[in-house]
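J.: Among the features that TrEMBL reports, Zn(2+) 2 binding site is placed at CYS149, CYS163, CYS190, CYS194. Positions annotated as Zn(2+) 1 binding site by TrEMBL: CYS149, CYS151, CYS154, CYS162. Annotated Zn(2+) 3 binding site per TrEMBL: CYS154, CYS190, CYS196, CYS200, in sequence order. Per TrEMBL, Zn(2+) 4 binding site is recorded for CYS294. Residues or ranges marked as domain 'Chromo' by TrEMBL: 15-61. The domain 'Pre-SET' annotation in TrEMBL covers 147-208. According to TrEMBL, the domain 'SET' annotation covers 211-334.
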Amino acid sequence: RCRALGITRRNLGDFEVEYLCDYKRDEEFYLVKWRGYPEAANTWEPRKNLRCRGLLKQLHQDLARAPGGPVRPGPRGLPARTASYLVQKAEQRRALRRWERLLNSTRSHQGRIAVENEVDLHGPPRDFVYINEYKVGAGISLTPVAVGCECRDCLAEAGGGCCPGASHNKFAYNEAGQVRIRAGLPIYECNSRCRCGADCPNRVVQKGIRYDLCIFRTGNGRGWGVRTLERIRKNSFVMEYVGEIITSEEAERRGQVYDRQGATYLFDLDYVEDVYTVDAAHYGNISHFVNHSCDPNLQVYNVFIENLDERLPRIALFATRPIRAGEELTFDYNMHGTAPCPTRPPLTMRDSPSAMGLGGQGGTRCGWGCCGGGHVPPPCTVL
C-alpha cells in the first residue's frame with residue numbers, strides 16, 4: 001500500500017495526518033485522511049503508527065459529543081452517521097481556522113482573535129465583514145477635529161488645557177489607562193492634532209483591543225459569544241462597538257427587515273439626540289459576537305477623539321470588575337446608567353419583538369431573573 005501511495009523512506013515526512021474519520025476499537029485502528037490527498041487515499045493505520053496525540057484526543061471528544069453519543073465503534077468501525085459527523089467536524093474546523101486567519105489578517109489591533117466551536121456544526125457566519133473602525137454610511141459625513149491640546153504632560157495638566165478640560169469635562173483615565181469617571185460621563189481623548197505623543201495617558205480607546213479574545217460557540221443556545229484569553233483588570237478598556245453608521249430613518253427601514261429575520265444589531269447613538277445608529281449586522285468587529293447579560297462585566301462609555309460631534313460618539317466597552325482568563329464577556333443591551341443626566345436617555349440597542357440577542361442567538365438567556373431563562377421581558381428585549 002505504501003508503494004501504491006508513493007511513500008518511501010526518503011519522503012515519509014511529507015505525509016501528514018489531516019484528521020481521523022473512523023475508528024475500530026478492537027484492533028485499535030484509525031482511518032486517516034492525509035493532508036493534501038483525496039479521500040480515496042485514506043488508509044487504516046494502527047495506533048502505534050500515529051504520532052498525533054491532539055487529533056486522537058479530538059476524535060474521542062467528538063465521539064463523546066456526537067449525535068446519540070457517546071458512540072462505541074463496532075468491529076468494522078463506526079456507524080455511517082457518526083463517521084459522517086466526524087468528517088463534517090473536520091471540515092468545520094478547517095473553515096473556522098481559515099476564518100480565524102482572515103480575522104487576524106484584517107484586524108489592526110494588538111489583541112489576537114481565536115475561534116472555537118466544540119458545541120455544534122455551525123461554521124463561520126455568512127455576510128460578515130470584519131472592520132476596525134466605523135464605516136460611514138451614505139449621506140453622513142464626519143467633521144475632523146480642528147484643534148488639539150498643547151500639553152507636555154496631559155495627566156498633570158488635565159484640569160485646564162487638555163482635551164477633556166477644554167470641553168469642560170473630567171480627565172477620564174488614571175496613569176494606568178483605567179477609566180476613573182462614572183458611566184454616563186463622556187470621554188474626550190487626545191487627537192491627531194494634539195502635541196502629546198503616542199504614550200500619552202489620554203490615548204486609550206484609540207489604541208484598539210489589547211487583549212487576546214476568543215469567539216466561541218456557547219453551549220446553552222445563545223449562539224456565538226466572546227471570552228477573554230487573558231486576565232483583564234477592572235476599569236480597563238476592552239473593545240469598541242463598531243459597525244456602519246446610518247441615519248435613524250435608514251435604521252427604521254432596516255429594523256423592519258431585521259425584525260422579520262429575528263435579529264438585529266442596531267445600536268442607537270442617542271447620547272444627545274437620536275439622529276444616527278450603528279448597524280453591525282454585516283460590518284463589525286469582535287463586539288458583534290458579545291452576548292447580553294443582566295449582570296454584565298462590560299460597561300458602555302461615549303468617547304470622542306477625532307470627531308467632536310456629540311451625535312456621533314464612539315462606543316467603548318470597559319471592564320466593570322476584574323475578569324478572569326476564560327470568562328465570557330457580556331454587556332447589558334439596555335445600557336442602564338449610561339445617560340449623563342436624567343434628560344438624556346441611555347445608549348440602547350433597538351428593540352426587536354423576537355429578542356434574538358446581539359448575535360441573533362435565539363434569546364438572551366443570560367441566566368439572571370430578568371431574562372427568565374429564554375423568555376425576555378420588556379427591560380431586556382433588545383434586538
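From the backbone N, Cα and C atoms, a Cβ is placed for every residue, glycine too.
Caution: TrEMBL annotation is automatic and unverified by curators.
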J.: Can you count helix, strand and coil residues in the domain 'Chromo' (15-61) using DSSP?
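T.: Each residue of the domain 'Chromo' (15-61) counted once, the result is 15 helix, 18 strand, 14 coil.
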J.: Considering every residue in the domain 'Chromo' (15-61), what is the mean pLDDT value?
T.: 91
J.: Neighbours of the Zn(2+) 2 site CYS149, CYS163, CYS190, CYS194: Cβ within 8 Å of the Cβ centroid, same chain, sequence order.
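T.: Those within range, site residues removed, are GLY148, CYS151, CYS154, CYS162, GLU189, ASN191, ARG193, ARG195, CYS196, CYS200, ASN202.
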J.: Could you tell me the C-alpha distance between CYS163 (Zn(2+) 2 binding site) and CYS154 (Zn(2+) 1 binding site) in angstrom, no decimals?
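T.: One finds 9 Å between the Cα atoms of these residues.
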J.: Using C-alpha atoms only, work out the spacing between CYS294 (Zn(2+) 4 binding site) and CYS149 (Zn(2+) 2 binding site) and round it to an integer in Å.
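T.: So the Cα of CYS149 (Zn(2+) 2 binding site) lies 39 Å away from that of CYS294 (Zn(2+) 4 binding site).
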J.: Find the shortest Cα-Cα separation between CYS149 (Zn(2+) 2 binding site) and the binding-site residues CYS162, CYS196, CYS200, and name the residue that gives it.
T.: CYS162
J.: Just checking: which of CYS190, CYS194, CYS200 have a Cα that is within 10 Å of the Cα of CYS162 (Zn(2+) 1 binding site), counting only these binding-site residues?
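T.: Qualifying among CYS190, CYS194, CYS200: CYS190, CYS194.
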J.: Would you identify which of the binding-site residues CYS149, CYS151 has the most other C-beta atoms lying within 10 angstroms of its C-beta?
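T.: By the 10 Å Cβ neighbour count, CYS149 comes out on top.
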